[in-house]
Amino acid sequence: MIMCVMLIITIMTTTRTLLLLLIVCFLISPSLATNVTYDGRAIIINGERRVLISGSIHYPRSTPDMWPGLIQKAKEGGLDAIETYIFWNAHEPTKRELEYMKIVLAPLSGFPVWLHQIPGVEMRTDNEIFKAEMQNFTTLIVNMVKNERLFAAQGGPIILAQIENEYGNIMDKYGSAGKRYIQWCANLAETLNIGVPWIMCQQADAPPPMINTCNGFYCDKFTPNRPTSPKMWTENWTGWFQDWGQSKPHRPVEDIAYAVANFFASGGTFQNYYMYHGGTNFGRTSGGPYIVTSYDYDAPLDEYGNIRQPKWGHLEQLHNAIKAMEKVLVYGVANTTNLGAGLTVTKYIANGISDGCFLINANQSTDTNLTYNGKIYFVPSKSISVLPNCEKEVYNTAKVNAPITLIVTKPTESIFNWQWRPEILTTIHEKGSFSNNSLLEQILTTGDTSDFLWYMTRIDLNKFHQYWSKKMKLHVNTKGHIIHAFVNKHFIGSQYAVNGAYEFVFEQTTKMRKGHNYIALLSSTNGLANYGAYFDLQRAGIDGGPVNLIGYGNATINLTSNTWTYKIGLNGEDEKLFLPSQQHNIKWFAGHLPINRPLIWYKTIFEVPEGNDALVLDLQGMGKGYAWVNGHSIGRYWPSFIADDEGCGPCDYRHEYDSNRCRTDCGKPSQRWYHVPRYFTTKGPNTLILFEEFGGDISKISLQKVSSVATTF
């Protein structure tokens, strides 16, 4: 088998946000220039039409030592190509400071935060400032790829490129400026002269010669906007992402297989799984807001790189069946016979090539014995039988013969002897970095260098003696996502957004004194907005407030225009408590471990077990926070956020799938286990640092091994 890379140069604003997307092809011999073109039937490689089956694997969501194994398992699973993104914000986290040879743990929301801070910029529209920056980065990446001779025309593996992503879903919101912008994107792509075709997904009016493609759970009914373009499916969602407070999404493999077979039966010739391996949102890279750290996606390869059965095996068998009839699918003529009651037969025929047939039962409740060419075929409800020679069934989408495996965790012998230290709260004494007479937007203020921003002020209640009472109510309007409040050095409460309502009111009664009173509000974000029109205008923090103090007789003192002092980030972040190299300068305490106390740092030294099994931290008992292993951030954790009851229950693959069905683990932590890549560990002592934001029980934490176990059911 040969292999491809699809370089998709794409500005995205989804949970899958990126600038460049690559499809790497296994179908190309290295060093030899390859001619990649297309016609109305298929992608053409060196003069031959090809059926291409691809899968998405994002390099920042796994570690370099995992990449060879992931690619090998993809090849063994019947893939021809790997699709990956090039993340603008990961490679240019600071303007004109480019980073390529390391994994950058910055939010993978596609656009770097500095871009938002340029005066006059408007994202993803006909805005000269934005277009100049997009052109600069896109050109830089393309030139770098050219210099490495990675495009197929240069002898490399990159066979396709995509610019923009799913812009057609939101283009109407931008009016005529959106139409001008998408034409500009097409023009930019053409000027780069990369020697392989360009595509645009979910862009029905993609300008020529861009190939418009389909994204979704089903794309059999998709038709390209020009007869000269092949029918391509660039994102077949194998599952879905998960939010904090939600149960785990799953998509039945029978449904995926049905969708894929139906797509090829209806003339499709390129299909990409999103995701084939989802991986992990390390660091603060999860977007949303509120997308969990795991990006498992219920993919054929799980978060840790293990084969997920029966999904991997059942799809591998489908790929073999489709490949067995590749020639007739790309060169033959399709004839479809409607037998009624949801039954159809699609037959591909061509001179000198074996026929290929699809027996389709679209009925969601009735199995059938379908008679074709004098033979009887049992076709279960909502399933497709594949007959490469139109005689023998070699595959049916609902007849799952692959083994079934379960992912299990087992405790290791690693022992955690914890030390701790509090976050030094100099900020509750109004010690900050700068002041302003307004309540600032958080992300633009922090530049997303931290999830945290302190807002601090003081008020002399002698000036408002008629409103003063021993107990007053602090009222804060915030745009999220989390707030912790202190009055006169005392913690008075926390609150976080739920059910997607990121703008909420925090209100708490607190003791106040005559004279000076100090108010310190710690605002915390949990991922950046990354989808929808004008997503870049979504704000966070106590942006504009108001902040009020309500006293005697419900009289209100408006503090919004007070002098507010600000500090970006935590003192522990400034001291780099998470780095092993800094530990000799830091005093840690042993014994009397604080339990359920907010804003605490914890440290332990541990050793990892030998072997190749993936490792995870079981953080049950903890609240919310951040974890580092040897200075590498393994992500945000939030096991105290319990999943709701939506979507759990019986899962019938015969019903059309959406992401709110077939969920599991309702009533359990949204995420309990957190990937510790062996790439981050050493054979000797390893340092684990936690910052606990809400408060938790550190004694329940353990290091566990993850393995895949075959079952009999």
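Cβ from N, Cα, C; glycine included.
Note: TrEMBL annotation is automatic and uncurated.
Over in TrEMBL, the protein carries these features:
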type: SIGNAL; residues: 1-33; note: signal peptide
type: DOMAIN; residues: 43-100; note: domain 'Glycoside hydrolase 35 catalytic'
type: DOMAIN; residues: 110-321; note: domain 'Glycoside hydrolase 35 catalytic'
type: DOMAIN; residues: 345-400; note: domain 'Beta-galactosidase beta-sandwich'
type: DOMAIN; residues: 599-686; note: domain 'Beta-galactosidase galactose-binding'
Per-region confidence, the domain 'Glycoside hydrolase 35 catalytic' (43-100) (mean pLDDT, whole number): 88
Counts by DSSP class (helix H/G/I, strand E/B, coil) across the domain 'Beta-galactosidase beta-sandwich' (345-400): 0 helix, 32 strand, 24 coil
Helix, strand and coil totals (DSSP H, G, I; E, B; other) for the domain 'Glycoside hydrolase 35 catalytic' (43-100): 20 helix, 20 strand, 18 coil
Residues in the domain 'Beta-galactosidase galactose-binding' (599-686) grouped by DSSP into helix, strand and remaining coil: 3 helix, 33 strand, 52 coil
